[in-house]
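Participant: Handing you a structure now.
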Amino acid sequence: MTTRIDLRGLLPQELEELAVRLGEAPYRGRQIFRWLHARRAKGIEVMSDLPRAFRERLALVAELPPVRVLNRLVAADGLTRKLLLGLGDGNSIECVLMIYKDGRRRNTACLSSQVGCAMGCSFCATGQGGLQRNLTASEIILQALALGAELAEGEGGNRISNIVFMGMGEPLNNYEAVMKGVRIFEDPSGWGISHRRITLSTCGIVPGIERLAREKPPLELAVSLHAVTNELRDKLMPINRRYPLEELIPACRRYAEITGRRVTFEYALIAGVNDRREDARGLSRLLRDMLAFVNIIPLNPVAGSGFKGVPPAAARAFVALLQEAGLEAAIRDSRGQDIAAACGQLRFASREVL
């Protein structure tokens, strides 16, 4: 049995090539792209400006797998929602929608890049189940479609304004599919999301950061740091044993210099572990004279980790120390803790729900 092509994961030029192979003019491919990513078509049969005969030929070789929402959780504030999505092979992934009703009216989609994660960070739930596989570009797009459908008309329609690759998985270990997704999201004839509104978060894959610096894809870079010494970072984030700070920080500096874009460093404050004054001073020294911003993250509870967060006053004091040293820093708004949708809490919930 021949596997049909999943249209959502194709770039405009790939859809144009498909149209030509099926005996149509290239512009038909761009029409298909608009149906998929501007009109959010759920089936080939609704693409009414395509000739019926072409739609019939297309349906023989291509498909649009349905969005399968297995579970849906809404935070008490109603503004954070977590979806468990079923994939065609029986695996499942989680993604999160965060609605901000401030002056900028942002609707942020937090997307997964892998089923599970191989990084094994000690304070993160995702890695507890290990890595199953990479997601395809289509499966990445599917998450945004599902989250966009969550938005009511009064909340900006189904317009996703921001994309963050901060869900399950390490995006730089699924580089090709993630970058393909980014290019689809950025295309003005579809989602039309500016590169300033697409953020990729990595635990510190140095070759991937160097590739980002060379290729300059349309996105912003965030790096999960969480410690200022190799000794501590080795314990918190095993990837540091492969790419220690003396390799990671210079790679980030080069990225900032080459692209002209600042690097955001994420730092989860863990009580009694990385929250001392000397940690703040070490962080200031590490990032001195770099185009950088520090996001201080309130640690979110993860069963079995043994870690605890710090009181809000302590987090504010830590930020003040960084700012006094000349670093740009702020406390990141943490959303969705009550539905395990916050940073570090996504996992194989399907084992608990189904």
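Just so you know, glycine gets a Cβ as well, placed from its N, Cα and C.
Copied straight from Swiss-Prot:
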type     : residues                                               : note
ACT_SITE : Glu94                                                  : active site, proton acceptor
DOMAIN   : 103-332                                                : domain 'Radical SAM core'
DISULFID : Cys110-Cys343                                          : disulfide bond
BINDING  : Cys117, Cys121, Cys124                                 : [4Fe-4S] cluster binding site
BINDING  : Gly169, Glu170, Ser201, Ser224, Leu225, His226, Asn300 : S-adenosyl-L-methionine binding site
ACT_SITE : Cys343                                                 : active site, S-methylcysteine intermediate
Participant: Fill in the CA-CA distance, the residue listed as 'active site, proton acceptor' to Leu225 (S-adenosyl-L-methionine binding site), as an integer in Å.
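Facilitator: Here the two Cα atoms lie 23 Å apart.
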Participant: Round to the nearest Å and give the CA-to-CA distance linking Gly169 (S-adenosyl-L-methionine binding site) with Cys121 ([4Fe-4S] cluster binding site).
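Facilitator: On Cα coordinates alone, these residues lie 11 Å apart.
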Participant: Cα-Cα, whole number of Å: Leu225 (S-adenosyl-L-methionine binding site) versus Cys124 ([4Fe-4S] cluster binding site)?
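Facilitator: Just about 13 Å between their Cα atoms.
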Participant: Compare all C-alpha positions of Gly169, Glu170, Ser201, Ser224, Leu225, His226, Asn300, the record's S-adenosyl-L-methionine binders, and send over the largest distance in angstrom.
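Facilitator: This binding site's residues have a maximal Cα-Cα distance of 19 Å.
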Participant: Look at the binding-site residues Ser201, Ser224, Asn300 and tell me which residue has the greatest number of other C-beta atoms within 10 angstroms of its C-beta.
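Facilitator: That would be Ser224, with the most Cβ atoms nearby.
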Participant: Near Cys117 ([4Fe-4S] cluster binding site), which of the recorded positions Cys110, Glu170, Asn300 can be found within 10 Å, Cα to Cα?
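Facilitator: Close recorded positions: Glu170.
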Participant: What's the CA-CA gap between Glu170 (S-adenosyl-L-methionine binding site) and Cys121 ([4Fe-4S] cluster binding site) in angstrom, rounded?
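Facilitator: Approximately 11 Å lies between the Cα of Glu170 (S-adenosyl-L-methionine binding site) and that of Cys121 ([4Fe-4S] cluster binding site).
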Participant: If you measure from the C-alpha of Cys124 ([4Fe-4S] cluster binding site), which of the recorded positions Cys110, Ser201, Ser224, His226 fall inside 10 Å?
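Facilitator: So the list reads none.
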Participant: Of the binding-site residues Cys121, His226, Asn300, which one sits closest to Cys110 (disulfide bond) when you measure Cα to Cα?
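Facilitator: Result: the closest of the binding-site residues to Cys110 (disulfide bond) is Asn300.
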Participant: Count, for each of the binding-site residues Cys121, Leu225, the other C-beta atoms lying within 10 angstroms of its own C-beta, and report the residue with the smallest count.
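Facilitator: Counting other Cβ atoms within 10 Å of each of the binding-site residues Cys121, Leu225 gives the minimum at Cys121.
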Participant: Under a three-state reading of DSSP, tell me whether Cys124 ([4Fe-4S] cluster binding site) is helix, strand or coil.
Facilitator: coil
